[in-house]
Amino acid sequence: MSKSSATAGKDKTMNVVVVLKQVPDTESAIRIAGDGKSIATEGIKWIVNPYDEFAVEAALRLKAKHGGKVTILSYGPQRVVESIRTALAMGADDAVLIGEDDIESSGRLQLAKAMAAAIRSLNPDLVIMGFRAVDNDMAQRGPMIAEYLGWPHLAFAVSIESDGNQVTIKRPIEGGSVTLESTLPALVTLGGSHAVWNPRFASLPGIMKAKKKPLAVKKLSDFGLDPAQFAPGAGKTRVISLEMPQERQPGRIVDGGLDTEGKARELTRLLHEEAKAI
Amino acid sequence: MGKSVCVIAEFRGGDLRRVSYEVASEGKRIADALGSDLCAVALGSGIAEKAAELGRYGVKKVYIVDDPALENYLAESYVPIIADIIRQCDPAAVLLSASVDGKDLAARLSARLDVGLVQDCTEILVEDGKIRVKKPIFAGKCFAWNEWIEGAMPLISCRPNVMQCLTLSEDQRAEVERVDIPVPETRSRFKSMDLDTSGRVGLSGAEIIVSGGRGMKEAQNFAMLEDLAKLLGAAVGASRAAVDAGWRPHADQVGQTGKVVNPNVYIAVGISGAIQHLAGMGTSKYIVAINKDPDAPIFSKADYGITEDLFKFVPAFTEEVRKLKSTCS
Ligand SMILES: Cc1cc2nc3c(=O)[nH]c(=O)nc-3n(C[C@H](O)[C@H](O)[C@H](O)COP(=O)(O)OP(=O)(O)OC[C@H]3O[C@@H](n4cnc5c(N)ncnc54)[C@H](O)[C@@H]3O)c2cc1C
């Protein structure tokens, strides 16, 4: 190892912020609300967006290696506190909630601006978050926040390594993968799956401890932002209607007293002649 | 004639990616509906010749920045350049592919240009001169129609393999204009690319997908599905249970936290049909379920259901497909 990389490679403690979104449980059956433009939220169970849970795990592993601190940043109504506590119970150190009930309806660019302002106030080395949320599935918040911070971002990571000075990720692309690197501070969004990140569960002692960890509820004005610019409907796009996917015709069981070979022949015929797919 | 519609073309290894044909075709339809022209932006290294081929899809003019430093996509270098070009041509709408890089680029570009973005659209309509787009939410459990507020420029990423490709004329060439914008200094760097050369069909573009679940019992049993997939020219997918068990790579996972796929035929083998799995494959044209449990929820979504032990049925089915293929060719 060369001299310069020996010093550059010296691990520094890291200040990591994880941006967390609360989303409906993936088990939820989705129903359209009375206004025809939103999802009915009665009876919905709320969870940490799975990709953000991966981000908590990745941040905790970096902390285990380098020391430092993991701060959870989230936004929205009081119910979000429960998801933040989940992340604290996993091992994060403290949290900030931008406690503005309607902030999500102020538009995606506005929300990203608010997140960037909050992140600036926390002065981290690295920000990690999911590359998409499993509700609106826009895959855009991370890059937007990075743009407002004026930082590089590396998106859709399935691995993340850092020595406290720079960060390296692997990112799948169609038909392969690429390796990217950036000096810190930077923002990384995570892809992958449960199998890749294997996020830890909150232990019982973790849950007890989480109750005492600092959780600051902040207002937009605390970050020097003008709340008037974050009013509902400040976005550039709007949803005009929601639509359920077409109901599938009830399927057909290929049986008719056929033996295995008979069924195989019949399925092949159906796919060939009826579906014209093979 | 109104402002032109602009598409951002995607290159890899000096070649235009197929998704860009789709986006250009869709862009042409929108430009026609708005009574405007279609232009394109392309960044890369050694791309001038290939960029002109966008003419086949109705692109009149391509603005290119051709520089060895742009050989590979990097948000930090691509976004400022593309933003500059878009500011200069002030289009009526900008379209790009919701590919891995496309979505990333679109998101950052949206903030840089302060324009509204809708990602991963599956349908675009022009009604009374207004653009409306449809996109899946909750991994396809629902769809949302979106529009832009008065005066806002639409930025739209289009889901791959959904938009129809229209070739206007094989030898129509687009006018290529080299734009002189320096490549910015970046703090992030592209290190390396590793392409899969096994020739296996990828999930996202596959016409047919054969997917295995926990019912496959162990990793080596997937050889059976690989054989079937090879015969069908299909890709192999997996449920989360199969991926979590380490039988398949995570990139093969189909579902709410995996890939959302949209093939012509989806064959679910030993998969129960949990809501998170259905979310990822529910829009397949034909769904085939092979499961020994007649009460498995997957049967309620399947066009063709086979209640059998997969270890008996899959080899028999593979044999029948082999016979069919040998008589067809
Ligand atoms: C946050 C979250 C995200 C998730 N995301 C995803 C996702 O993206 N994708 C996903 O797939 N799941 C996802 N899941 C998991 C999902 O809930 C299910 O656990 C999973 O899909 C089950 O996989 P499976 O159908 O292969 O296994 P099982 O549900 O165990 O089903 C196995 C099936 O195989 C059948 N079988 C067994 N032996 C045979 C045989 N010899 N012949 C024929 N049939 C046989 C059984 O009858 C059974 O129906 C997610 C869960 C959560 C909580």
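Cβ atoms are placed via backbone N, Cα and C, with glycine included.
The secondary structure of B:ILE271 (FAD binding site), as reduced to three states from DSSP, is coil rather than helix or strand. Feature annotation from TrEMBL assigns FAD binding site to B:ARG214, B:239-240, B:253-257, B:270-277, B:ASN291.
Averaged across the domain 'Electron transfer flavoprotein alpha/beta-subunit N-terminal' (B:5-194), pLDDT for the predicted model comes to 96. As annotated by TrEMBL, domain 'Electron transfer flavoprotein alpha/beta-subunit N-terminal' applies to B:5-194.
B:ARG214 (FAD binding site) falls within a helical segment according to DSSP. Taken residue by residue with DSSP, B:HIS277 (FAD binding site) is part of a helix. Neighbour counts of Cβ atoms within 10 Å were compared for the binding-site residues B:ARG214, B:HIS277, and the top value is held by B:HIS277. In this entry, nothing among the binding-site residues B:ARG214, B:ILE271, B:HIS277 has a C-beta under 8 A from a C-beta of chain A. Its Cβ taken as reference, B:ILE271 (FAD binding site) is surrounded by 32 other Cβ atoms within 10 Å in the chains shown.
Secondary structure at B:GLN253 (FAD binding site), taken from DSSP and collapsed to helix, strand or coil, is strand. Sequence-distant contacts of B:GLN256 (FAD binding site), defined by Cβ-Cβ distance under 8 angstroms and a gap of at least six in the same chain, are B:PHE138, B:ALA139, B:ILE275, B:GLN276, B:HIS277, B:ALA279, B:GLY280.
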